[in-house]
Every structure is written in structure tokens, then in C-alpha cells.
Amino acid sequence: MTSADGQKDLQSYMDAVTAMLKLPPSDRRNWYRNGFIHLMDCPHGDWWFTSWHRGYLGYFEETCRELSGNPDFALPYWDWTANPEVLPPLFGTILDPVNSSAYIPDHNRFQDIMQEPIKAYWDSLSPAQLQQQNLRGYPDFDALWSDAMASFANQPNARFLTAQNPKLNPATQTAVDIDTIKASLAPTTFANDAGAPGLAFNSPVSSSHQVAPVGFSILEGQPHNRVHMSVGGQSAPYGLMSQNLSPLDPIFFLHHCNIDRLWDVWTRKQQAMGLPVGPTADQQTQYDPEPYLFYVNADGSPVSDKTRAADYLEIGDFDYDYDPGSGEEVIPVATAGRSAPIPALEAAVSASAAVAINKPATAKLTVSQELVDVAAKPSEQSRQFAKVSIAPPMDVGGLNFLVFISPEGTTPDLNPDGPDFAGSFEFFGVRHHHTDTVSFTIPIDKALDRLIDDGRLKAGEPIDFAVVVAQEGKRVEGSMPAKAQLTDIQVGSF
């Protein structure tokens with residue numbers, strides 16, 4: 001996005017967004033209609049996350065070429081590792097949903113303009129599409145429209161970050177730093193079952209891309225979720241990027257373009273190592289036929305020839321590639337001698353495992369010699385992770401979870417800038433109602449390195465994990481129908 005070609009494409013992007021905002025809402029390429037594709041069909045917290053968004057980006061890029069008049073347009077990516085802030089062209093231009101008069105200003109106008117055309121679209125859905133909506137929790141139009149109204153943001157609140165405050169928050173800067181990105185690219189399998197030991201590149205296997213999230217990989221749970229929430233805001237009133245109408249903020253496509261680029265980096269790393277780049281043969285029977293039924297072509301017609309997840313495992317007919325960015329360096333060292341993963345270690349969760357603000361739920365892990373050995377190795381040879389599973393309250397909006405590691409018997413410093421901080425996670429899509437246990441994976445290399453440096457990581461001796469809800473981004477505690485429950489912590493290496 002900062003290169004000369006990126007700047008040229010950014011201007012074409014502005015032209016395309018301008019054109020989409022001017023299209024009538026009866027046109028499927030209208031800016032808001034395009035956002036509804038995401039609301040009605042996007043997967044999060046499962047193994048279809050990467051391929052679905054590749055299809056969504058690919059058709060959007062083709063639409064931008066058509067409407068901008070630039071047949072050579074390529075969607076720029078926002079390399080937030082190199083530039084952990086919203087860059088100036090995203091403010092004070094058509095790419096700024098807060099300050100441009102081209103955007104719908106408030107909920108009343110949104111309903112006046114969009115409800116009727118979306119109802120007409122709903123009435124045109126095929127039985128297969130309606131089945132997908134029912135799986136998603138939209139048995140009728142009223143359920144969809146209720147979620148749409150909840151996911152829209154009035155213009156003054158449409159984006160949390162501003163030209164005066166453009167930087168990603170500190171937790172998000174950690175989530176996008178090069179160490180986290182390298183950790184996200186290190187796994188060598190495409191996807192695992194939710195409860196399986198070890199680590200995969202994608203979020204876990206799920207029964208459908210329409211159901212609630214089952215777990216988050218490092219890539220999805222750290223840079224993806226964190227950037228969404230840092231840009232959109234962690235507390236009410238939420239901005240667009242914090243909701244499932246997030247594509248209404250033009251930052252969305254620059255953000256997701258970088259996620260897709262990192263998937264391409266991982267794929268090329270796997271190829272360099274002679275390893276598989278997709279689901280296993282056994283997994284393909286479930287993965288490949290998953291229906292993607294809501295994409296739109298550049299001419300405004302529904303996509304009818306590529307309606308399966310398997311169609312988007314490769315870049316294929318979209319025919320693009322990426323200029324090098326952060327993370328590219330994992331490919332030359334991909335064949336360096338990495339240590340074999342250690343057997344997964346299970347922490348014992350305390351009987352009282354409610355996660356509250358500054359009141360941690362805890363778990364105790366007895367350190368193995370294998371963990372000490374791999375933690376002492378450089379990151380090029382081994383990385384360590386913690387998979388934290390929680391049973392969340394029905395509404396996860398505004399909940400920012402922090403994880404700390406300390407020696408047994410010590411009181412952890414519950415400060416994200418302190419010596420015991422290991423990592424953090426939060427949900428994206430605050431209007432999702434999460435009821436089942438969800439896992440989040442965080443890299444813990446740095447936390448274990450600090451324990452080693454202090455002589456506090458020893459085989460046979462316990463370490464304590466503490467999980468709390470952060471003060472920042474919290475809701476009023478009285479508004480929580482129930483606290484989150486810590487259910488499991490697994491530690492391993494990759």
C-alpha cells in the first residue's frame with residue numbers, strides 16, 4: 001500500500017469505492033449490498049475462514065477493476081507489521097466512513113435505504129441459500145435485519161481510530177509484530193480437529209461455515225481479530241470494523257488482503273518444504289463441497305460456476321500474486337532444522353474458573369523437561385504455544401482476555417506491560433452469540449524466555465496460568481449475564 005504501485009492502486013480503489021457508493025441498492029455491487037455478503041455468509045473461527053475470504057476478496061477486486069476503469073487494478077494490502085497504524089489516505093477521503101458525506105449517516109437512513117432492497121433480495125434466495133441462512137441463525141428476514149441493524153454504526157462512531165490517534169493499540173501491535181506473524185506461519189498442517197493436540201495454520205475443523213466459531217488459529221485469533229477490534233473499537237458504541245458489517249469500512253479489504261497474502265506465504269513455505277498445502281485426503285470429503293453461495297461477479301450477477309470451498313484453495317483464475325511483505329523471510333529458512341513437537345501438556349484448571357475483571361481464573365502446569373529443552377532453543381528451531389479454551393457468556397462484546405504466566409506460589413502482575421504477561425485474545429463479531437467452548441491459540445515463546453532468563457522455568461516445578469478480563473474495552477460488569485469460564489489450557493511446541 002505504501003509502494004508507488006500501491007499508491008496508484010489506492011487511487012483506483014478510491015474511484016471504485018466512490019462508484020459502489022453511488023450505485024442504487026438494487027444493484028448487488030452497491031457498497032452496502034456488498035457488505036451484506038459478509039454479514040450473511042462469512043465464516044470465523046473455523047477452517048473455512050481463509051478460503052471464503054479469498055473468494056470474497058477476489059470478486060471484489062474484479063468489481064473494483066470494472067468500476068474504477070483500471071483493468072490493471074490490484075487490491076493493495078495493509079502490512080500492519082511494517083506499519084501498525086492506519087495510514088493517512090484512509091482519513092479525510094472517500095475511504096473514511098466517518099467524515100465522507102457519501103456514506104449513510106445513521107440507523108434511520110440505513111433502514112430507509114436498505115431494508116426494502118434487502119427484503120427483495122431475501123425473497124429471491126434459493127432453497128439452498130435459505131438453508132444456509134437457517135444454519136446461520138437467520139430463519140427469516142426479521143432475524144437477518146435485526147442483526148444488520150445491530151451491526152451497523154452511525155457515522156460519528158463508524159471507526160474508532162482517527163487521524164489524531166491512528167496507531168493500533170499496544171495489544172494489537174504485539175499481535176501483528178514479526179514474532180507473532182512468524183509463529184502464525186510456522187505450523188505445517190492445514191487444519192486440525194478442535195480438540196486435537198498440536199497446532200495448525202487454519203482455525204479448527206467445523207461442521208459448517210455458518211455455525212458459531214469453534215476455535216481460533218494464531219493467524220485468525222491474533223492479527224485478524226485484534227486489528228478488527230482495534231480499528232473498530234473494543235467497547236460500545238462499536239465501529240464498523242468490530243461488527244459483521246465490517247466491509248462497510250474500506251480498511252476491511254486492505255486488512256484482509258494482508259491476511260490472504262500471509263496464507264500465500266504459508267503455502268509457498270509448505271511447498272519449499274515439500275509439505276501439503278491443503279486439507280488431508282480424509283478431510284477433503286468434508287472441506288471441499290462446503291457451499292459458498294452468495295458471491296457476486298463484476299457485472300453484478302451471482303457467481304454460479306464456483307460455489308464450493310475447493311474452488312478457492314488456490315488463487316487460480318483470480319490470477320494475482322503479491323509483492324513481498326512482512327513474513328516472507330520464513331520461506332528461505334523453512335528447511336532449517338526444527339525440533340519435533342513435544343507431547344501436549346495439560347494444565348489443571350482450578351475449581352473456581354470464572355474469568356472476571358482483575359479476578360483471574362487460574363490453571364497449574366507441571367513443567368516437563370521437554371518443555372524446558374524446546375523453550376531454550378531459538379525460535380527458528382522451536383516455538384511454544386498455549387491453547388486456551390473458554391466457555392464464554394452469550395454476549396462477548398467488549399471482553400478482552402489477558403493471559404499471564406508466573407512461577408507457582410507467586411502473585412502474577414496483572415499488567416500487560418509487566419513481566420508475567422504472555423498474550424491476549426478477543427472475539428471478533430460482537431453480535432455473534434457464543435455458547436459453546438471456544439479455543440484461542442497464543443504464542444508464549446517470549447513469556448517462557450523471560451522465565452528461563454530469571455531461572456524460573458524448571459522441570460518438575462509448576463507454573464501458574466492466569467486468565468483475566470482486561471479493564472480496557474470492558475462492559476459494565478452488571479451487564480454481563482454470566483462470566484466466562486476457563487475450561488482448559490494446553491501447552492505444546494511447533
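Cβ coordinates come from backbone N, Cα and C, glycine included.
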Among His209, His256, which residue does Swiss-Prot name as a further Cu cation B binder in the site formed by His224, His228?
-> His256
Among His53, His228, His256, the most crowded of the binding-site residues [Cβ within 10 Å] | His228
Spatial neighbour of Cys64 (Cu cation A binding site) that is closest, considering only the binding-site residues His224, His228, His256 and their CA atoms = His256
Using the recorded Cu cation B site (His224, His228, His256) as reference, state which further residues of the same chain have their Cβ within 8 Å of the centre of those residues' Cβ atoms, listed in sequence order.
-> Glu220, Pro223, Asn225, Val227, Ser246, Phe252, His255, Ile259, Phe428
So which one is it: of the binding-site residues His38, His224, which has the fewest other Cβ atoms within 10 Å?
-> His38
Integer Å distance between the CA atoms belonging to His53 (Cu cation A binding site) and His256 (Cu cation B binding site) = 8
